[in-house]
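In what follows, a single structure is set out as C-alpha cells and then discussed.
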C-alpha cells in the first residue's frame, strides 16, 4: 500500500514539474516571433477569401514577393514536391516582441486542391526527406487537410520550403477528377503589424492621436516611451509607444493628428501567388504512347512499301 502511494506521489510530482516547466518555456521566455499561422487558424475558417485574398495580409501589411514551383502534371497516388520560395536579405534584423533586434522568421500557407494532402512519412522518398529536414507541416484544420501551414521557422535556413504532396486517386476518391487544378500560396517574412483584435504590434509605425505640442517624453525602464501631448484646448493626451520603434520627434515639437511619431521598423512583408497542376489520367498517357507507336509502325511500313515499289519499278526498267 505504501509503495503504491509512493508511486502515485512520484507521478504527481513528475506531472507538476513538467507542467511548470512547459509554462515557463511558453510564457516566461521572451518570444522571438509571434506564431502568426495560429492567428489565422483561430480567426478564419478558410484562409482564402472570396476575393482571392489570403487573410495573412490582414496582419502583415507590407507587400513582398513569393513564388511556387510545382510539376506541370502528376499521376494519381504519387508523391511530388511543391517548393515555396520566400526571398529576402538575410542580413536584415527585425524588431522582436521584447523590443530587441533579431533574425526574421518565415511562414507559409499552401492551399491545395481538394484531395491533395501532405504525404505520409513512409511515402516520402529519401532524397525529398533530405530537402525537408525537420519541417513540421500542420493542416489548417481537421476538416481542411488540403490546406497546410508551416512556421514560424528561421528564415535564414528556410528561404525555400519544400512540401511533400500526395496526389489523390480518382478511382478511389470519387470527389476528385482528372483535371487542371489551381494551387494558391501565401508566404511572409518577419512579424506582423496588426494583431487579430486590431491592435498594433511593436513592429509598426505609431502616430499621434491628436494635434498638439509634445510637452514631455518619458523613457520606460523596460523600453518604450510615454509622450504627453498638450492639445490646443489645454488638455493633455498620453501616447504610449512600446519597446522597439524608434522615435523621430522630440520635446517641444508640434505634431498633427496621424503624424508619425516613430520610424517604420518593419523590414518584412507578405506575398501571395498561384500555380497550376494537372492530375493526369494514366490511361490517357498509355493511349498517347500507343498512338505514337502506331504512327512509328505505320511510317516504317510506308518506308518499306516505298522501297519495295522502287525495286519493282527498277526491275521493270531493266527488263
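Even glycines carry a Cβ here, placed using N, Cα and C.
According to Swiss-Prot, the feature signal peptide maps to 1-35, an assignment based on sequence analysis. According to Swiss-Prot, the heme binding site annotation covers 36, 56, 59, 60. Annotation source Swiss-Prot lists transmembrane segment at 285-305, citing sequence analysis.
Fewest other C-beta atoms within 10 Å: among the binding-site residues 56, 59, that description fits 59. The number of other CB atoms found within 10 A of the CB of residue 60 (heme binding site), across every protein chain shown, is 26.
Residue 59 (heme binding site) carries neither a helix nor a strand DSSP state and counts as coil.
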